[in-house]
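Chemist: For reference, the structure I am asking about is given below.
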Amino acid sequence: MSETLSVAVTDPIVQVKNLAFYYGASKALHNISQDFPRNKVTALIGPSGCGKSTLLRCLNRMNDLVDGARVEGSILLDGTEVNTPAMDVIELRRRVGMVFQKSNPFPKSIYENVIYGLRIAGVRDKAVLDQAVEQSLRSAALWDEVKDRLHESALGMSGGQMQRLCIARAIAVNPEVVLMDEPCSALDPKSTARVEELISELREKYTIIIVTHNMQQAARVSDYTAFLFEGVLVEYGVTEDLFVKPRNKQTEDYITGRFG
């Protein structure tokens, strides 16, 4: 197995070291080592089944929910090991939020969707909750569209609005990292453009790690890009460099459409 072509990252917030992941006896990730820089957007690209979503879900231990899952290696969040019994998984998922491929608002009001995580954390002060709702919806570029119907069902929103609501819900608990798993795959081009603009704005406050099949999207929104193939991190670098002058032939073949 060839060595990963990788770039040095300054001020990493997440550090992955020799990470291997198994679904039962099947090895899905092979000794991944990768640093994710703070307040940047990192895209994970590669063909279906390459392990990019598995890697993403390792970062906040969503894979704990999978029967037979097993992790080896280390994941550090600001220097603290994630894969240890001492780690409070609920607190980890507050610090490392998740936006899924399919928008998944709860069958509750828009307001209740945004404050869901805060309620779990024990926040009851209405003034604090009201402020969090407005700030999060403004950050998600949604406030002006929904401010007059906060107590209506979130299920009446458009697909693009629902996905931005899910982003608002993720950032309402003030995470350090936001994971996004194909957040635009079910959206029309106009809604996709809104979410991409939002990702660019959110990098000022949060570290964003996004899985995408859309290489043009990766090129547009990310600062760094990692290419995975068959569970191996093949190449990782500054996005412009990786797309314009990839150092690995396999990377070049993928981004030029020779396979995928």
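Cβ coordinates are placed from backbone N, Cα and C, and glycine is handled just like the others.
Pulled these from Swiss-Prot:
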BINDING   G46, P47, S48, G49, C50, G51, K52, S53  ATP binding site
DOMAIN    14-255  domain 'ABC transporter'
Chemist: Looking at Cβ-Cβ distances, which residues of the chain lie under 8 angstroms from C50 (ATP binding site) while being 6 or more apart from it?
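Modeler: Sequence-distant Cβ neighbours: L228, F229, E230, G231.
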Chemist: Where does S53 (ATP binding site) sit by DSSP, helix, strand or coil?
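Modeler: Once the DSSP labels are grouped into three classes, S53 (ATP binding site) ends up as helix.
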Chemist: Near the ATP site, what residues other than G46, P47, S48, G49, C50, G51, K52, S53 in the same chain have a C-beta no further than 8 Å from the centroid of the listed C-beta atoms?
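Modeler: Once G46, P47, S48, G49, C50, G51, K52, S53 are set aside, the remaining close residues are T54, L228, F229.
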Chemist: If you skip the near sequence neighbours and keep only those at least six away, which residues in the chain come within under 8 angstroms of S53 (ATP binding site), Cβ to Cβ?
Modeler: D181, E182, V211
Chemist: Take every residue in the domain 'ABC transporter' (14-255), average their pLDDT values, and give the whole-number result.
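Modeler: Across the domain 'ABC transporter' (14-255), the average pLDDT comes out at 95.
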Chemist: According to DSSP, which of helix, strand or coil covers G46 (ATP binding site)?
Modeler: coil
Chemist: Using CB atoms and a 10 A radius, I'd like the single residue among the binding-site residues G46, P47, G51 with the highest neighbour count.
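Modeler: Per the Cβ count, the most surrounded site is G46.
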